[in-house]
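Lifted from Swiss-Prot, the feature list:
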- 1-143: region 'Disordered' (REGION)
- 52-77: repeat '1' (REPEAT)
- 75-491: region 'Interaction with the suppressor of RNA silencing Gamma-B' (REGION)
- 78-103: repeat '2' (REPEAT)
- 109-119: compositional bias 'Basic residues' (COMPBIAS)
- 111-120: region 'Nucleolar localization signal' (REGION)
- 236-379: domain '(+)RNA virus helicase ATP-binding' (DOMAIN)
- 243-254: region 'Nuclear localization signal' (REGION)
- Gly269, Val270, Pro271, Gly272, Ser273, Gly274, Lys275, Ser276: ATP binding site (BINDING)
- 380-520: domain '(+)RNA virus helicase C-terminal' (DOMAIN)
- 508-528: region 'Disordered' (REGION)
Amino acid sequence: MDMTKTVEEKKTNGTDSVKGVFENSTIPKVPTGQEMGGDGSSTSKLKETLKVADQTPLSVDNGAKSKLDSSDRQVPGVADQTPLSVDNGAKSKLDSSDRQVPGPELKPNVKKSKKKRIQKPAQPSGPNDLKGGTKGSSQVGENVSENYTGISKEAAKQKQKTPKSVKMQSNLADKFKANDTRRSELINKFQQFVHETCLKSDFEYTGRQYFRARSNFFEMIKLASLYDKHLKECMARACTLERERLKRKLLLVRALKPAVDFLTGIISGVPGSGKSTIVRTLLKGEFPAVCALANPALMNDYSGIEGVYGLDDLLLSAVPITSDLLIIDEYTLAESAEILLLQRRLRASMVLLVGDVAQGKATTASSIEYLTLPVIYRSETTYRLGQETASLCSKQGNRMVSKGGRDTVIITDYDGETDETEKNIAFTVDTVRDVKDCGYDCALAIDVQGKEFDSVTLFLRNEDRKALADKHLRLVALSRHKSKLIIRADAEIRQAFLTGDIDLSSKASNSHRYSAKPDEDHSWFKAK
């Protein structure tokens, strides 16, 4: 049998493995049939030899390994029981429990583990499958990935994407916290500024602390329900224009919800002590404060200063205004519910009340004195009123010390003639009408609270005794002038007024009602 023919037959049958074997090896000389004894056994032995060579694993130079497709691939025939030969004498079969991947084969696996995602771990492949594809091998691959990244499976589960709603809540919480910090710093600085301003104006610090009110303070003291009921009762008997204004207030009471906690306190001073000067200084400072005037007639006194509004205009404004700092001038003219409602609408963190506690009247829940707020700074020294007026006011139960010059106080009969003054005032509507009938302009004392005039004439009649029982009104009427005060009074009431010996039998307190009955609510102020 010719060996060359046999090789050619193998080539034509496409057996590349035989080609690979004989290209780099020497073909041994096979004895002929005659040399082996003349029988045909040599041919059959040669075929068996070639068959075995065809199925024997191929050895490759330089220790290169052949690549197999998958872990399930097996070499048929003899190779099924023949161990794979690996360079450096490595074993081909390892136990699944303690099998280790050789150094040169671990590098590709580690590189691939860097690209793996914890959420979807990739199945081990490559060298792990080459060494049997056992379960132990896949576990080794997973452990390598976990140890390399330093993240356990439990930590990987917790490291999920945060929902948008949770992120939004977290962002809002951070904003609220930052806003609270900013607000606290602003209030502390403003308190220090108020303290310095009051001391420069010779106001005395009483040692009391600001009252800290909760955001729902309006509801806690039952004032919101009282005010709601009061507004509904007033709407039933009000005119069209007034009804619309009351309706808007009622809507605010029901719509505005608790916003922020706030601090509040009172700066109290006698007439002429410098309260208006303090308010102007605070408004001109570096702090963004808003001032609400309980008496809109004082608007001209604050001309050229930003942030000054009438209390009703600010409360019912169509344009929403917010401010951390709220100052209320002549607070005794404002209703307690209006102040708390204004604080809620402006979201103010501090409400500073400026006025004279002696000019207040705690008879019903509508009075701010009903809240019993602390007086933080006080002054009994007047720089505008002279000694004569200060002595007269002290007899009325309003103690004050004058550091001004001497002024003039003239007391005469109601009927007669006197020098004309800049302003004429009276306690009741009937007296105002009587003065106007004589050709003189006249105003109610309550309407000029907070205003100042160079000279004033005060008209008193016997019919005004009930109005004179109001200590608050007496102080207002006696302290509107700077240099001259003329008192024209009937003989029956003159002496009692000068000595303060007036029937002051006050009515019982009606703090359980927001508004008193008409006959208890100084109806003599208004025209009938």
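Indices start at 1 and increase along the chain as displayed.
Note that Cβ sites are derived from N, Cα and C of the backbone, with glycine treated the same way.
Taking Cβ-Cβ distances under 8 Å and a sequence gap of 6 or more within the same chain, the neighbours of Lys275 (ATP binding site) are Ile267, Gly269, Asp329, Val354, Gly355, Asp356. In this structure, Ser276 is the one among the binding-site residues Gly269, Gly274, Ser276 with the smallest number of other Cβ atoms inside 10 Å of its Cβ. Highlighted in sequence order, Asp356, Ser379, Thr382, Tyr383, Arg384 have their Cβ within 8 Å of the centre of the Cβ atoms of Gly269, Val270, Pro271, Gly272, Ser273, Gly274, Lys275, Ser276, the residues recorded for ATP, and are not part of that set. Helix, strand and coil residue tallies for the domain '(+)RNA virus helicase C-terminal' (380-520), in that order: 49 helix, 34 strand, 58 coil [DSSP]. DSSP classifies Gly269 (ATP binding site) as strand under the three-state reduction. In three-state terms derived from DSSP, Gly274 (ATP binding site) belongs to neither a helical nor a strand segment and is classed as coil.
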